[in-house]
Amino acid sequence: MDLTTTRQRRPLITGSSSSSPKPYSKTDKPSRSNGGDAEDRGLGWFLPFIALCYLRYMSATSNIVHDCDEVFNYWEPLHYLLYKSGFQTWEYSSNFALRSYLYILFHELAGRPAAWWFGDDKVRVFYAVRLFLGLVSAVSDTVLVVAISRKYGKRLGTYAVAMLCLTSGCFFASTSFLPSSFSMYAMSLSSGLLLFEKYAMAVAVSVVGVILGWPFSILAFLPVVIYSLVKRFKQAFISGAVTSILLLGGSVLVDYYYYKRWTSSVLNLLIYNVLGGGESHLYGTEGPLFYIRNGFNNFNLCFVLAILFIALYPVIRRKYDRCLLVVISPMYIWLAFMSLQPHKEERFLYPIYPLICVSASAVIENIPELFREKYSTSENLLVTITKYLRPVILGIILCASHARTFSIINGYSAPLEVYKLLEHHDDAGPGSVLCVGSEWHRYPSSFFVPDYISEVRWIDDGFRGLLPFPFNNTLGGTAASPPHFNNKNQASDEQFLKKIESCTFLIELQLSRPYPYRGSDLSTWETIAVLPYLDRELSPAKYRSFFIPYKWQEKNVFGKYVILRRVPK
């Protein structure tokens, strides 16, 4: 067959009319130096940024609090800096100093102006900080998708931005106040800078993600850092070294200001977990397949396709250079490393969430290449069919992601919504006491506790681990080192309120279980608010994990998340 009669993906402009045309490839795109405009080079900045901002806004305003560690180790210290009240964990005891206030100060950039603007309306301050996190996430992800599109084509960038917007994992992680989320922002930004060939900046951002964010994420950033050092050793090395010195020095100074002693929380955390025998199993252990199940729940088919990237790389490499492999490789490194650790939590995978989206996008785009004959320039039937199959696969992923997101938000948002209702019961008067029993781990933070409530107290419902205590201003506030704190998760007798009669309000989750509740004596308590809460143990997995119209409400079992108020005698 004469090659001049074959179908071309795009007309090839040559210097001579007698030259034989050849199949179009990515390298034929006009470069910036050749006068190609932004439309030819890839996606522009505006549309991806607006799309990501819109979805991050939705996340900030509807996301639940997924982990009590987010509340007690991050929201509570921020609340203390803003309002001089809040709960302190043993990690923030000056005797241990495992957490850096430098990370908290980064979020105070949004929290302090919001506190000035909104005054006593602390709930709005909470959401203002979340909106700030959503903006940071939108900026970093925009850099990543624009870099991908300009280096590898608009289609890959479009697939990636769609999944970054709508997959459940990215939707929830993007506005969580957690170091692992901060490392996720840094991963997106450093990967995008690497693709833009800004190697020194990529290394600097990686260092910020590790030191200011989560020190253990250093393993995930290694491919970006090593590749940058290979490409531009001097600039990348100086950038990384200067950023490290500034951040470590700043962290030590900030730690000294708040802990009132010379220490490095970054070093303390590493020593405790690596050299000090940190006993993470005290907080629960999971099997080796935990992250596989978790990845499928949060990314469905997207996660499966992402894992297949390495298997399909011999085909994918025909279209993309090895730089894409460098960008995606942390996903495999981090997933393997974290799966070997006994203590597992969903948030530990946050740093690689954007890479899952990019990896799956590359696999989807290259599905037709699996059926293309190696030396043929024409398309067979299978190639044509699989081209039309790509948007179908993407649609399935996005629909399943929406079903997951909808199920989580509607099933587990009761704690946030119930605490908001407390502001309507200020007739209880100043000095009221809010009591929480087995629901302490769903406490949404002191931002949801009105000022007329003077104390939040834990009551003994059988938990035998160490609970947070209020920051003690008498002992020095952030510099306090209360004697009841320990690193063995051993409960203190002082953590529980002994006289339940002192409680003005009580938060309870009432499930279909054969044990009584504190509020079962209606002569003592009155119910002032009730919201449904999905009972995970009694609901079928497929119905509780994904919202299925007409079946979700019918098949799942719901408990009652209630606020009880003591009846005055």
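Note that Cβ sites are derived from N, Cα and C of the backbone, with glycine treated the same way.
What TrEMBL says about a protein is an automatic prediction, not a curated fact.
Values in this document were obtained by computation on a predicted structure and should not be read as measured data.
According to TrEMBL, the feature region 'Disordered' maps to 1-37.
Per TrEMBL, transmembrane segment is recorded for 125-147 (among others).
Taken from TrEMBL, the feature transmembrane segment covers 159-179 (among others). Here the transmembrane segment (159-179) has long-range neighbours at 43, 48, 51-52, 54-56, 58-60, 63-64, 66-67, 69-70, 74-75, 78, 103, 107, 129-131, 133-134, 137, 141, 144-145, 148-149, 213-214, 295, 297-299, 302, 347, 349-350, 353-354, 356-358, 360-361, 364-365, 394, 397-398, 401-402, 404-405, 408, meaning same-chain residues at least 6 beyond its ends whose C-beta is under 8 angstroms from one of its own.
Non-local neighbours of the transmembrane segment (199-230) in the same chain are 100, 102-103, 106, 179-180, 182-183, 185-187, 189-191, 193, 236-240, 242-244, 247-248, 251, 266, 269-270, 273, 323, 326-327, 329-330, 333-334, 337, 351-352; each lies 6+ residues outside the stretch with a CB under 8 Å from one of its CB atoms. Annotation source TrEMBL lists transmembrane segment at 199-230 (among others).
Residues of the same chain lying 6 or more positions beyond the ends of the transmembrane segment (237-259) and with a Cβ under 8 Å from any Cβ of it are 94, 97, 100-102, 105, 200-201, 203-204, 206-208, 211-212, 225, 229, 265-266, 478-479. What TrEMBL records for 237-259 (among others) is transmembrane segment.
When Cβ-Cβ distances below 8 Å are used as the criterion, the transmembrane segment (298-316) is approached by residues 163, 167-169, 172, 324-325, 328, 331-332, 346, 353, 355-357, 359-360, 362-364, 366, 369-370, 393, 396-397, 400-401, 404 of the same chain, each at least six residues removed from its ends. Taken from TrEMBL, the feature transmembrane segment covers 298-316 (among others).
Positions annotated as transmembrane segment by TrEMBL: 323-342 (among others).
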Chain residues outside the transmembrane segment (125-147) and at least six past its termini with a C-beta under 8 angstroms from it: 42-45, 48-49, 52-53, 56-57, 59-61, 63, 75, 78, 82, 107, 109-111, 114-115, 118, 157, 160-161, 164, 170, 174-177, 181, 184-186, 188-189, 191-196, 354, 358, 445, 447-448
